[in-house]
Each structure stands twice: as C-alpha cells, then as structure tokens.
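Take a look at the structure below.
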Amino acid sequence: MVVFFVVYGFFFMKSNDWWRFPIAIQIVPALILAVGCWVWVPPSPRWLVTQERYDCAHEVLCRLHGSDVAELEIKEIRESLDVEDASTQATWADMFKGAVLWITFLGTTIQFLQQITGTNAIFYYAPTLFMKGGLSAEAANLATAGVGVVLFLAAWIPVMYFDRLGRKTWLQIGTVGMFFALIGIAMLLRHAEHHPGDAANNAIVIFPYFFYTFFNMSWSSGSWTYAAEIFPSALRAKGNALCTASLWISNFIVAQTTPPIASAIGWGLYILLALFCVVAFLFVRYALIETRGRTLEEMSQLFGLDDLSGKANDGNSERNELLRSSIDSTREDDHE
C-alpha cells in the first residue's frame with residue numbers, strides 16, 4: 001500500500017527519470033530485511049537436521065518453542081525427511097497418471113484462471129484505464145494508489161473468514177463480484193467513448209476497487225490454498241511447481257495480450273474477461289471438491305488416491321511400503 005503512494009509522490013518530480021527513484025528506494029527495505037535475517041533470524045531447524053547438526057537444531061527449537069518439545073520436534077523432522085527422501089522416487093510422469101492427472105488438472109486450472117479472469121489486466125494498466133475513463137494523469141495515478149488501499153483492506157477478509165465458508169463458496173462469491181465489476185468497467189468505458197468529458201465517467205474508479213475487493217477475498221489466496229491442499233505429500237512439491245508455472249504462464253499471456261486486445265476492441269476486453277469469470281464460476285462449482293476441514297488422509301480418499309504415495313487405489317503399494325519402512329526405521333533408531 002505504501003509503495004503506491006510513494007510512486008504517486010514521485011510522479012510530481014520535474015524529470016523524465018522520476019520512475020527510477022521508486023525502484024531505487026526498494027533497496028532500503030531490502031537491506032533492512034537482509035541485515036535483520038542475518039542478525040535475528042535463527043537457522044532453519046529442518047535445514048540443520050539435514051546437515052546432521054542435531055545439537056544446533058535442538059538449540060534453535062528450544063529458543064523457538066521451549067525445551068519440552070524440542071526433542072519431539074527433531075524426531076518429527078527426521079521422520080518427515082525420511083518420507084521426503086522416499087517420495088523422491090515420484091517422477092514428473094506420475095503427475096499425469098491415473099487419479100493424479102485429475103488433481104493436476106484441478107490445481108493448474110485454478111491457478112491459470114486466477115490470472116486469466118483479469119486481475120493483472122486491470123492492475124498493470126490501471127492508470128491507462130482510469131485516463132480512458134476521463135481522469136487526468138494526476139487523478140489516474142492517485143486512483144491507482146487507491147487500489148493499493150483496497151488490496152490491503154480486502155486482504156484481511158480471508159485471514160479472518162476464509163475457513164468459515166469453505167474454499168468453493170468464497171471462490172464463487174468472488175467470481176460473481178469480479179464479473180459484475182468487469183461489466184461495470186466495460187459499460188463506463190463505452191459511455192466515455194460516446195460521451196467524453198461527462199462527469200459520470202469518473203465513476204470508473206469505483207469498479208476496479210469493487211473488483212479487487214472480491215478478488216482479494218477469494219481468488220488471491222483461494223487458488224494458492226486449494227492448489228497446495230489437494231496434492232498428496234509424495235507429489236506436493238512437483239504439483240505445486242506445475243500449478244505455479246500455470247499461474248505465471250497465464251500472467252504472461254495477460255500481460256502480453258492486454259494492450260493489443262484493448263487497442264483492437266476497447267471496452268470489449270472487459271467483456272471478454274467477464275466471460276472468463278463465467279468459465280471460472282462453472283469450473284469452481286462443478287469441478288472442484290470442497291477441501292475445508294479435511295485431513296490429508298481424507299483428501300486422498302476424496303480423490304481416490306492412496307494417501308501416502310499418491311497413486312490410484314489399484315493395489316500398487318510398493319511406494320507405500322518404502323515410505324512406511326523409512327518411518328519405521330527412523331523410529332527404531334530413536335528407540336536404540
């Protein structure tokens with residue numbers, strides 16, 4: 001939120017190079033973060049255990065959680081690492097086999113839709129959008145700073161309430177709100193084309209704020225949460241990598257195609273994005289399975305998977321046995 005107003009402040013500099021200063025200022029908080037991490041943030045206990053520095057890991061855990069649970073946490077970390085070592089047998093091909101293919105489709109699609117429904121088509125080109133609605137360059141930049149305020153305030157809604165209604169409910173509510181916001185933007189841009197200078201055109205500021213209120217309370221966190229929850233442990237790292245790649249591919253498409261599409265069809269761009277919202281709503285309503293309050297074991301059963309290996313329930317338990325033997329071996333070592 002602060003960054004938006006910093007950029008707005010530098011907009012008034014009498015120099016063509018004013019944009020360089022907001023970029024340079026980012027070095028200051030980055031240095032503060034680097035020094036703070038170096039001085040005050042302890043090493044990761046998990047990393048220390050991977051390096052077999054158990055005494056250091058125990059010391060860090062005692063600082064963080066107290067000595068009573070430090071030993072137990074080290075044991076749990078070792079068991080978790082053994083599971084991960086065994087699960088490295090999972091290949092990229094496993095992501096596209098059997099029941100896992102459906103999970104991969106759900107995760108990559110929800111992340112793709114998060115971007116293709118228009119968030120960065122508005123965000124990247126907000127000043128241009130506001131000026132097309134009739135605002136001056138100064139007013140457009142101030143309105144863009146207002147987007148930062150809306151993003152900040154709306155981000156608290158899922159923090160407090162996201163688990164109360166469930167993932168699908170929030171995503172559907174958000175999609176409906178985004179749809180109407182995009183329709184509003186399209187209607188006002190069309191009005192501005194036919195009635196330039198009309199004071200009513202200034203109302204275009206309202207609809208991006210409306211859009212980001214609904215986006216931040218739903219898709220902004222919901223797509224990431226859902227994609228992270230649905231993959232079994234053995235495949236989660238590769239699954240999240242594919243989902244994140246899908247999101248950034250969609251982001252790239254939006255960034256590269258928004259200017260030429262807007263030049264070609266003007267306000268029709270936002271009608272197109274609204275149609276993507278319709279697709280997203282249907283996808284969420286009919287394809288997604290609600291994951292709120294589900295354990296990992298229950299999640300695997302929902303998708304017809306073996307809870308440890310992520311393989312379809314077809315009698316293939318080789319990887320399961322390896323994972324279990326890894327954990328049992330660690331436990332035996334601890335007892336000795």
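Heads up, the Cβ atoms here are built off N, Cα and C, so glycines get one too.
Going by TrEMBL, these are the annotated features:
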DOMAIN    1-292  domain 'Major facilitator superfamily (MFS) profile'
TRANSMEM  21-41  transmembrane segment
TRANSMEM  139-162  transmembrane segment
TRANSMEM  169-189  transmembrane segment
TRANSMEM  209-227  transmembrane segment
TRANSMEM  239-258  transmembrane segment
TRANSMEM  264-284  transmembrane segment
REGION    313-336  region 'Disordered'
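Beyond the transmembrane segment (139-162), the same-chain residues lying 6 or more positions past its ends with a Cβ under 8 Å from any Cβ of the stretch are 1-5, 7-8, 11, 123, 126-128, 130-131, 170, 205, 208-209, 212-218, 220-222, 225. With respect to Cβ pairs under 8 Å, the transmembrane segment (239-258) is most closely packed against 209-227, considering the stretches 21-41, 169-189, 209-227, 264-284.
The transmembrane segment (209-227) makes no contact with the transmembrane segment (264-284), as judged by fewer than three Cβ pairs under 8 Å among residues 6 or more apart in sequence. Sequence-distant contacts of the transmembrane segment (21-41), counting only residues of its own chain at least 6 positions beyond either end whose CB sits under 8 Å from a CB of the stretch, comprise 3, 6-7, 10, 13.
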